[in-house]
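Novice: Got a structure for you, written out below as C-alpha cells; questions coming shortly.
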C-alpha cells in the first residue's frame, strides 16, 4: 500500500483551512510522525514471501528378484547333415541339372564341366600304354628266346640277364603308364558332379559358363533324415551344463504342436556378426514333417541371477551412463549410477548400483537436481516374476 506525499499535503492543508508553505509542513512534529507511521504500515502490508512448495514425486522401494528362469528363442529347422557339393577338378561349368529346392537322389548328376582337356589327357595316356604294351611284348619274346638258348650254349649269361632286366623294366613302365591312364580316366569322371546323398538342394553358388576351381562349393544338399532346430542366443543366457538338456520346440504360431528335443551342441565361439552362440537342438519323432527353414520357437532355461526390476520411467542418465534418482531418509534425492542387466518390455533390470530397500523415484523426476528436498508419495513395488526378453535367432 502506498500513500502519495502530495495527497498528504493537500489533506493537511484542507484540515487547517490555510495554504501553508511546503517547508512548514516538514517542521510540524505531528505531521512527520504520521507520515512515518503511514510508511511503516505500507511496508508491513507487503507481507513475507511465501515458502516455495516441495516437488512431489512417486517413489517405490526396490527388492531383489530372481531374474529370468527361462527365455524364448526363435530359430529355424535345418538338416542334421548338409553337404557342400563341389567338383574335384577345375573347369568351365557347361551344364547345371538341378536348382534350389529340387529333390535329388544319391548318385544323380547335378552339374557337368567341359571335359575336353581331361579327355585329351586320357587319350594321351592310353596311347602311351599301348606303346608300352608293345615294348613289353617284345621284351617277353626276347627273354623267352634267351631261356631256350642259354642251356644249349648258344648265348651267354650276360645276354640272358640283359633280357631278364629288359623284361622287368618294360613291365614297370607299363604299370606306371597304366596308373596314369587310370588317373586320367578318373579326371574325366570328376567333370560330373554327383549327389552324395538323398536330400534337397538348399543353395546354389555357380552358374553355367562360369569357370570354377576344384573344391569350390557348387551346391548345398541337405540330407534326408534327422532334423534339428537351430537358435542363436547371447552367452549370458546360457549355462555350461545345458548340453543334453531337454527342450520343447513348437512351430511359430502353432503352440499346440510340441516337439521334444535335446540340446546337441552349443558352439564355443561367439559369432562376430551378432555376438551370439549357436544352439543346436536335435529333434525327435515327427520333426521330419517340418519343412526345412520352418520358423520355430523354444523355451530355454537360463542362468538365474538376482537383480532389481524398475519401471522405464525410473531410468535417467548421468555422464552418458544409466542412473536413477534415490531418495534418502531426509527426503533428499541423489542421482545414482546403475548397471543395466537387460531392457524388457515395460521394465528395466538393474544388477548393480542399488541395495535392497532403497527408494527410487519412478515418477516426477524431470525437474530434480542432486540434494533437492522432495515430497514423496510411496508406491508399493510390483510383485511379479521377471523373465528376460526373447532372443531372435539369426537365420
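Cβ atoms here come from the backbone N, Cα and C positions, even for glycine.
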Novice: Can you check which of 104-131, 132-159, 160-187, 188-215 TrEMBL lists as coiled coil?
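Specialist: Result: 160-187 is the stretch TrEMBL calls coiled coil.
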Novice: Can you tell me the mean pLDDT for the domain 'CzcB-like barrel-sandwich hybrid' (88-222)?
Specialist: 95
Novice: Give the residue counts of the domain 'CusB-like beta-barrel' (232-303) per reduced DSSP state, in the order helix, strand, coil.
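Specialist: Going by DSSP assignments, the domain 'CusB-like beta-barrel' (232-303) contains 7 helix, 30 strand, 35 coil.
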Novice: Report, as numbers and ranges, which residues of the same chain sit near the coiled coil (160-187): CB under 8 Å and 6 or more residues beyond its ends.
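Specialist: Contacts with the coiled coil (160-187): 89, 118, 121-122, 124-126, 128-129, 132-133, 135-136, 138-140, 142-143, 145-147, 149-150.
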